[in-house]
Structure formats: C-alpha cells, structure tokens
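Q: Quick one: the structure is below, questions incoming.
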Amino acid sequence: MEIHGLAHAAQLPTPPPDALDDEDMIISEPADVVAVANAEPPPKAVEDCHKVKILGMGTFSEVWLVSPKREQKPETLYALKQLRKADVIRLKQVEHVQNEKSILELCRHHPFITTIFESWQDRSSLYILLEYAPGGEMFGYLRRAQRFDYPVAQFYAAELTLVLVFLHNHGVVYRDLKPENIMIDARGHVKLVDFGFAKVVGDRETYTLCGTPEYLSPEVIQSKGHSKAVDWWALGVLIYEMVLGYPPFYAESPMGIYKKIVDARITFPTWLPPNIRDIVQRLCTKDLSARLGNMKGGGFEVMQHPFFNGIDWRELESQKHKGPLIPQLRFPGDTQYFENYEPQELSADSTYPDSMLAEHDHLFRNF
Amino acid sequence: MSLPALYLEEIDALSRKISQAQPIDILQFCANHFHGRLEAERNQHLASQSSTSLSSMVNPFAMASDTFPGTFGGFGGGPFDGSRDAIREEEEELHSPTAPTFKPQFSMGGMGGRPGSSGSGRRTHSPSGGGGGGPRRPMHVAGSPFLSPSGGSHLGPPSAGQDFPSNYNRNRRTSVSAESLVPTTSDDEWSPPIHPKTSDQMNRLRAAVSNNFLFAHLDEEQDSQVLHALVEKPIPNKGMRVITQGDVGDYFYVVEKGDFDIYVNSAGRMMPGPDGMGKRVTSIGPGGSFGELALMYNAPRAATVISTSSDNILWALDRVTFRRILMENTFKRRRMYEAFLEEIPLLSSLITSERSKIADALDTETFEAGAIIIREGDPGDRFYFIEQGVAEVHKSSQPGGYVRTLNKGDYFGELALLNDAPRAATIVAKSKVKVAYLGKAGFQRLLGPVADIMRRNDPRLGEGVDPLAGPGGFDGSIDVMQGPFGMGRPVEV
C-alpha cells in the first residue's frame, strides 16, 4: 500500500494543466474549464465581473458564476461568493467569515480544495473569488443515483481523506463535511468548498457549535469541546450516506437526530460489505481514544483501513486518472449541474446603513 | 395580450382564499398558497408518471466508461457496457433536459428556493415519490482501479430499494451554528448568573431536565450552575403565547406551575388568522419542558406554545448562558488535566499535543466516601487523577494499613500503563471523590506504548541504557514514595 504520498500531500501544488492526462479527456469537456491558470489575471472587483448565474445561496451569502468582463475567448469562469456584511454581523458570523478567507488562502492549490484567487470588499459586501467546479455538488449526484457503488464511494472518500489529512496537518479542522459541500470538477475530482466553519485549532479544542445536524459528532452536541476528530466522525457519516443514500442518524426533528448521534448506534443492512461497515463503525466511534483518525497513526490509519484497499494514494493525489462521474458539459458555462435560484430581493435586515457601517465595518478591515 | 387561462384560474382561487382568510401578511400568504399548490401539482404529476416508460431520456451525465484507465474491458459484455442510453435511472424523467415541465437539470424538484427553506416541492426526489419499479442503477459503471478486495464492485442487495427508508427527507441540508464563544482568560473571570431557588425548586428542576440528553452528561458543578442560572418567568394569564412557531429561539423553558398547549402549523410557522397556530399536538404541565433546541443554536421554533391557565410560572435558560457555563467548565477542566499530566514523571516526555489528546480522552467517575477506587492485588488497567475530594492509600504490608492521603491533583495507578502488574495498594475515597481516568488500551491507541514514550527522549539512551531495564527502572513493584507528599506527588501503586 502506497502511503508515502501523504507527506507530499501537505505541500502538493496543483499539477500544471499540461501535466494532465489528455488522452482520457472526454470530448465534450471544454479545456478552458480545467486550465484556469493560463488565463488573464483574475478580476479584482465586482465591476470587472459579468454575473452569469447564481450557483448557490446561503443564509448570508450567494455564489455567482462569473466571467471577467474584459476577456477574449476562451473565457475563464469563476465562482464569486458574495457575503452581505449586515447579515454576517447580524448572525454573528464575522469570525467564521474571516476564518474562511484565511484558511482558503492557506489551502490555495491543494488539488481537492477550491482555490481562492482574490478577495475584496465594497461598501456592503465581502467577495471571495473562487475556482469554479462545473460538476456541481456531489449531493445532486448522490440523490440522483440514490446510492454510490463501492468504487465510487471509495474514490470520493479517499480524496476527502487526503483533504482532511492535509487540513489537520496544518492544524485546521473543517467541521462541515457533507455531500452539499463537495463539488465535482470537470475531470470528476472533488473540490471541497465552504470553509465558513473551518478553524485553525492546532492541538487545542474549540467550543462553538457548528456543522450540519446529521453530521455533528457526539462531543459537539454535548458541548464537551471538540477538535479535529469531528472531521473523522463526519467522514464516517459521509461514507455511510454515499453507499446507502441516507445518513446513519436521521429523525423527523433535529433533537431526534441528536439523541441518536449521542447514542451512536448505527444499523447496517446485512448485505453491506464488511469493510464498509467496519470503517463507518470505527470513524463513528464516540470514544475519542478509539475513533479512527484520532489515534496514534492519525489520518494514516484511515488510509490503511481495508476499505481503501486498491487505492494508490500517490496516483490519487496527482489526479492521474479521472473520477468515476464526469459532468457532461454541452458548452462552457453549462450550469446544468446546479440548482436554479432566483436572485432574492434584499430583505430589510440585509441593508447596511451608515450607522451599522460606522459601528462594525472595522471588523472587516483585514478582509 | 390575454393572460393564460391556467393563470387566471390560479389567481381566482388565490383571490377567493384571500377574501376568506383576510390575512395580515399578504405576501407570506400568497407565497404559502403557491408553495402548497406547486407541491400538490408536482405530486400529482409524479403519481401520473410513475407507471410510464422511462425510455428516451437523455442522461445529463457522461458515462464513466471512459473515465477509468486500463482494465475497463473487464466489464465488457455487461449490460451497461458502452452504450450511453442504456443507462437509466428511475428518476431520470423528472430531470430530463427535454421534459417541458421541469428545469433542465436535476434541480431537486426545481423549486429554486433558498436552501433551508422548507422546500417541500423538492420532495419530487423522495424515495417514495421517485421509487417506482424502474431500474435502480447509478449512472456509472464501476471501474477496476477502485474495485473492492471484498468482492464485487457493486453494492446493493438484489432488490435494492426495499430497505430504503421512506421517511428520510432528502433535501439539501442547511448548516447550523451557535454564537462563537471563546473561553475567558484567568484574569477575566466570568461567573454564571445565579437566580436563587429553594431546594424544592432545585430538585424539581433537576428532575425536569434529568432525562434530557443535553443535561444528562453534565458534571455536578455544571449541573448546579445551569440550574441556578434558570430565571423565573411568570406568565400571569391564560392564552399568552410563550413561543411562536417560526420565530427565532433563544430560550429553553421548564414549567414550574401551570399548563400549556403546543400547536404546530404544517406550513412551518404560525400564520395569521384564527387557525394560524395550526393543530394542537400536545400539552405540557408542571415538570415538562420545551424549546431545548434553542440551547444548541438559533433555529426557528418548531411549535407555538400558549398558556391554558393563569398564574403560570416558567423557568427560562438562554443559549449563551448555557453554552458558556458548559464551555468555561470544560475549558478549566481541560487545562487542569493538562497540568496534572505534566506532573507525571512517567509521561514527562509527552509533547503538548499528546497531552491534549490524553486530556481529551479522559473520563470521569465519582466515588462516595468509603468506596474503594482500586484494590491491592487487582489487575490494573487504568491510571487516575483526583479531580475533587480526598482519598487514602492503604497497603497490607504497612502496619495499620494507612500510607498517605491523596488530594486534588494527585494521581495513582499510572504503572498500569506500563505493565500488567497487580495494584500495589488500595485507594479508598475519604470524602466524595471525583477521579479522571484513562485505560491502558485507550492510552496506547492514542499514543502507543508508554514504554516507547519513556524511551524516546531519555538521555541514558545515548549511553545505551534502557531506562526500563534493570535496577533503578520502573518495574512496577517498587514502592517509590520518598520525598514530601503533596500536590502532584506520585504514588506507585
């Protein structure tokens, strides 16, 4: 088993576009979607961007597909995340937003993390210019397929394991792993997005409850202080959801979900291959001294689990081969893998009056 | 230009409803109305489609047959080899780019709502809705580089689908987050609010929250601080709304006196009008509690609670206070554990991250006065710290048995991490004693064998001396207890 790639993963640069294996490219794939690097410098203001379409919406942000205004063909596409300052303040997410930007900068060029190109702000919004992954969320593929076959789940879990190992080596806990935050790029590889809950924790524990109900770990729910081990728990939930189509802990109400998580009892259908069952059970272990990924070998131990038998880790991180599911793009800028969103009229809560600016805008000074 | 007949029908229906209901919030009412209409229409559509053919659909996904290098041919001849349109899945037609009524994508039902909106229209994706008898086959063919060693490349029971939960909501999930909290530093001591209560009231409150899992794991100090922080909230009259479905929630409530009804409106929030609260689902009396999710993060209230008697009394606890109490206690305890661990010579070579890992995994146990914590001669498999209370060391070889007293910060049993020698002494709780402990197995899982840790930076290693070998080393049977007793002194037992 190849595990040497791991140390390498910590400083792995994105392979230059010409190093990609052109032979197994599919014809419909526009080359420019992959080769962002050789384009003109990315835009640095919202005025320089042509907003094409909304790709996603959050409680205080929107993500737009944008193309730079002054550019000849082939056009380069980006994802522009726009965060409304007023909502960021109102929802007490200032710290999370700062973390998002600084951690994305730390992770720039990791092959499986969405690359940040620029960030800026104007009077009422913060902007983060990101790499665009045209395949949309893994979530869509999974709900469509209901379940992924073992090799598909294994492939995604392996790429995400490399991401977690990388983040943890840098002292970063991610805290929101779920299919909705995993994008698929043009060659079928994962791109982790939304670092709003990521935080540099080093070896310390942290206390702010955040994540997604079905993916929270028992120590987060019980406010015991949590650390990087929460990501390994979430990986277990993700593997389960990928192979079965629904998460291991679900209920009608959030409190119902939390009760089940705290009990940490998982049921598996009898037909499930034992390697899958075993890795999920080991990752979703309440006892921190027994949770896979949190023990002596750290992430290496996860990589060595028989669930990953057959994975060549070095090849995987070099993205030598394409992923198991490839978005079929009919034209550059085809957004068929994204939901349709109507631009929302800003609510009164989202306006950023002068008084608020005077009081709070210093919080964004370093953005 | 004339408007479509279908549109006029819908508008007429809406107008009738508005004149009936006389809603205050017109926009919300309209939005809800159309939301419901769309859901009904899509469900009807689904029902009518479930028996039709799945053919002639365009798969928006490329086949993966060209994505795995090399050995794909191994699957040649399989039913899914090559031809793209042979791959279909049961929900295909809902999302077909060519179908006129749906958006050209797998748009989760095409509602285009904000993530996290109730999004019921997205139920077009629900297993029950989509799960006709169609072929269940993901849109890819598994390739060999990821073949599992355990056998076939395909998961799934012969008749997948039967074990799929029908009640699982398959919508996109919204992230949740509480206010960001940072522990106070030592010179900026935070003390939790204290609202005096009689011991009767305390007991009733304790009973009321005892089977709630958010409280069940609290230690005594946290428990008492939390109970003291509950603040009295009188609800003098009948018919007063305590919480309103859909509103933001910051408080958890325990009923001290009085009765309350709980209503849920299926729209997800309370609506204007006489039936706006929706259906009465249950009622709550003294000892009951509600609103607990607000202790975790700010989520919309799931129900409306209204008083049905007069002179009611509630106890209220807000999220930030609750979380702060838990955090401050945990934080202090963590730092205390780390300080304890630094005192153990056996573990002196641990680096900070290792100590914090151990501190993370320590468990606690409480012993009443007189209880035996460990017994001489028993096999040892845990090491302990005294977190609170006083304990005594007794040895059978000692005249009278008594050896010394252990206080907060003292530790014992750490040799169990090193070897399997039986306990060399008995430790008895003199007062109520709270200990933190970690088992040998857990320690080794986290950091490996203690022997390796001790060896790794012992200066004698350079001289070829193994600190664990021969006289002077720890063999577990030597009673090393010279020197003044006190905080942090080792007792080898």
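Placed from the backbone N, Cα and C atoms, the Cβ positions cover glycine too.
I grabbed these lines from TrEMBL:
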- B:74-199: region 'Disordered' (REGION)
- B:142-161: compositional bias 'Low complexity' (COMPBIAS)
- B:164-185: compositional bias 'Polar residues' (COMPBIAS)
- B:Glu292, B:Arg301: 3',5'-cyclic AMP 1 binding site (BINDING)
- B:Glu414, B:Arg423: 3',5'-cyclic AMP 2 binding site (BINDING)
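Would you situate these features in the structure and describe their surroundings?
A: Applying an 8 A CB threshold to same-chain residues 6+ apart, the list for B:Glu292 (3',5'-cyclic AMP 1 binding site) reads B:Asn212, B:Leu214, B:Phe252.
The number of other CB atoms found within 10 A of the CB of B:Arg423 (3',5'-cyclic AMP 2 binding site), across every protein chain shown, is 20.
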Q: Considering only CB atoms and a limit under 8 Å, which binding-site residues from B:Arg301, B:Glu414, B:Arg423 lie near chain A?
A: none
Q: Would you count the other CB atoms within 10 A of the CB of B:Glu414 (3',5'-cyclic AMP 2 binding site), including those on all shown protein chains?
A: 25
Q: In the compositional bias 'Polar residues' (B:164-185), how many residues does DSSP assign to helix, to strand and to coil?
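A: Summed by class, the stretch gives 0 helix, 2 strand, 20 coil.
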Q: Restricting to the chain of B:Arg301 (3',5'-cyclic AMP 1 binding site) and a gap of 6 or more, list residues whose Cβ falls under 8 Å of its Cβ, or answer none.
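A: Within the chain, B:Arg301 (3',5'-cyclic AMP 1 binding site) has Cβ neighbours under 8 Å at B:Ile243, B:Thr244, B:Gln245, B:Gly246, B:Asp247, B:Val248, B:Gly249, B:Gly291, B:Ala294.
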